[in-house]
Structures are given as structure tokens and as C-alpha cells.
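Have a look at the structure below before the remarks.
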Ligand code: FDA
């Protein structure tokens with residue numbers, strides 16, 4: 001109930017105006033967001049890199065409603081790529097297609113994605129396409145497959161274990177060697193298309209982990225690039241220790257080395273676990289979001305964990 005309410009509020013303009021006016025909201029949000037500028041984000045990434053963690057940087061924004069905004073979001077990602085290169089950061093980029101025009105004009109979105117992917121390829125870098133709500137899954141997968149049809153193999157995509165369709169999508173992507181980031185899913189979806197219960201989402205996550213690891217075993221183990229930017233290996237993106245242990249055990253059972261998969265977590269969540277996995281010899285990547293459009297991202301993080309909401313409320317009364 002609370003989760004559904006917070007996710008609905010993440011899309012409400014009136015709630016956005018109300019929440020982002022409060023200084024205290026930013027104080028709490030900044031636990032999950034690296035800053036409002038790229039400079040702040042790269043400072044965070046340098047610290048992560050020094051601690052042995054790779055990063056993926058996301059210029060926050062989604063559901064842009066006009067061409068100018070979509071172009072601006074595209075430029076922001078291109079600038080991130082240049083900064084990663086200039087500062088020799090161990091980082092790649094994550095992109096939401098609705099930020100670069102998917103809901104305005106799919107052709108424009110494809111052109112913007114191609115600009116990003118081409119520049120990333122020139123720089124030896126990698127682009128991860130985030131998965132958004134279910135209304136955009138078909139269009140997102142279509143564009144990712146299109147990239148691979150064009151030979152842009154430096155593109156991967158996120159797959160959500162809460163969707164019934166994900167097993168089929170995963171098998172298709174694995175057969176084409178499209179790198180996958182496996183997540184549980186952060187949006188509110190109806191029971192007709194998504195598992196309503198956590199235990200089923202978790203079981204699906206484990207099944208999809210199996211498919212990804214078997215894919216690696218059958219196709220041969222690809223190598224993460226020396227600079228930590230290009231990970232053609234499966235990414236298990238969760239803070240759920242049971243899911244992580246499951247992936248570790250399955251990989252071991254299949255005789256895969258620790259470097260055959262990477263774990264991914266969000267900035268500001270389970271730093272202890274991130275470090276533990278690095279110490280155990282696994283590649284770990286932290287998702288580093290930055291920018292001024294932080295409201296919907298922040299609301300989804302509140303929705304994931306009620307304790308975050310109480311933290312927010314207690315800060316509000318302490319201000
Ligand atoms: P679960 O929600 O079961 O949480 C397990 C444990 O993790 C909790 O008990 C708690 O300890 C900790 N935890 C989880 N969320 C927390 C929070 N917000 N604050 C504090 N602690 C928290 N989704 C999507 O739909 N499309 C996408 O492209 C992506 N991309 C993405 C990239 C990366 C790197 C990650 C880690 C996640 C995503 N997600 C995503 C989000 C994902 O779908 C999911 O909503 C969150 O990861 C939370 O689910 P967990 O897997 O952590 O499990």
C-alpha cells in the first residue's frame with residue numbers, strides 16, 4: 001500500500017513541487033544522489049574507484065515531454081562520457097530512454113541513443129539502458145536489439161524480475177549476447193503482468209540468475225575491460241543478500257570464476273556489502289545518479305524501504 005502510494009506520488013507534479021521545496025528533502029535525498037552537478041558526481045566516483053568499486057553514472061531525468069529537453073539530456077550523457085575519459089574514471093553510463101525522447105518521438109530517441117552509443121564506442125565505453133515502467137519495455141528492448149543489429153555491442157539493458165515476460169526476454173537477449181543487468185523492478189505494475197508478492201519476485205530473480213550464468217558457461221567467459229568500463233558479463237543488481245549468495249553459489253557450482261559476473265548496487269545503499277564483495281574478489285559497480293531532476297528517483301528509493309520514509313519524516317520535524 002505504502003509502496004504503491006509513494007510510487008504514484010513519484011509521478012505527481014504537485015507532490016514534486018511540495019517535496020522539492022523543502023531543504024530537508026534534499027538533505028535526505030543526498031544520501032542516494034551524488035549531487036546536482038557532474039563535478040559532484042565525478043568526485044564521488046573517484047572516491048568509489050579508490051575503494052576498488054566501478055561506477056555507472058546516470059544523469060537524472062525521465063519522461064521528458066519536449067524535444068529540447070530530450071536533446072539536453074542526450075548532451076548531458078555525452079558530457080559524462082567525455083569527463084569519464086578525461087579523468088580516467090572506472091565508469092560507464094546508464095541512460096533512461098524516456099529522458100532522451102522515447103515518449104516524445106521514438107525516431108528522435110533512436111538518433112539520440114545512437115549518438116551516445118557511437119561516442120561511447122569511440123571511447124571504449126559502455127552504455128547501459130535502464131528499464132522503466134511496463135509501458136516502455138517493448139520499445140526499450142526494440143531499441144537495444146536495434147543497436148546490436150547495427151553492431152553496437154557496447155550496449156546492455158536492465159531486466160526486471162517482477163515481470164512475467166522477463167524469462168522470455170532474458171533468453172532472447174542471452175542468445176544474442178546482449179549484456180543484462182538483472183533487477184527486481186522499481187515501478188508499480190498490475191498483477192496481470194507482474195508478480196505481486198515479494199517471494200515470487202525473488203524466486204524469479206534466482207531463475208533469471210540461473211539463465212544468465214548458464215549463458216556465460218555455454219558461450220565462454222567474457223572479460224570485463226581493464227579500465228572497468230565495459231562489462232559484457234551479467235550484472236546482478238540487488239542489495240538482497242539472499243539473492244547475492246544464490247548467485248555466488250550457482251556460479252561456483254557451474255565452475256565460473258568470481259570475475260564471470262558483477263554485482264551492482266545503488267549509491268548510498270549497503271556500502272558494507274559493496275566492500276565485502278570487493279574483498280571477496282567480485283567486480284562491483286555502483287550506480288551513481290546526479291542532476292537536478294532527482295525527485296522521482298528519490299521517491300522510488302523511499303518506496304523500497306519504509307524506514308527511509310520514517311528517516312525523512314523525522315528529519316522534517318527536526319529541521
Ligand atoms: P529488496 O527491495 O528486497 O531489498 C533488499 C534489502 O536491500 C533491503 O532489506 C534493504 O536492506 C536494502 N535496500 C533495498 N532498497 C533500499 C533502499 N531504497 N534504501 C535502503 N536500503 C535498501 N529498477 C528498475 O526498474 N529499472 C532499472 O533499470 C533499475 N536499475 C537498477 C540499477 C542498480 C545498480 C540497482 C541496484 C537497482 C536498480 N533498480 C532498477 C532498482 C531495483 O529494481 C530495486 O527497486 C532496488 O534495487 C531494491 O530492490 P533490491 O533488489 O535491493 O531488493
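Keep in mind that glycine also has a Cβ here, set from the backbone N, Cα and C atoms.
Just so you know, TrEMBL annotations are computer predictions that nobody has curated.
Keep in mind the model is a prediction, meaning the values are calculated, not measured.
160 is the only one of 111, 160, 264 that TrEMBL places in the FAD site (with 131, 184, 185, 186, 198, 238, 239). The Cβ of residue 185 (FAD binding site) lies under 8 Å from the Cβ of 131, 160, 161, 162, 163, 194, 201, each of which sits 6+ residues away along the same chain. Classification of residue 198 (FAD binding site) by DSSP places it within a helix. With the fewest other Cβ atoms inside 10 Å of its Cβ, the least crowded of the binding-site residues 131, 186 in this structure is 186. Excluding the listed site residues 96, 300, 301, the same chain places 10, 186, 289, 296, 297, 298, 299 with Cβ atoms within 8 Å of the centre of the substrate site Cβ atoms.
Of all the binding-site residues listed here (184, 186, 198, 238, 239), 186 has the Cα closest to the Cα of residue 300 (substrate binding site).
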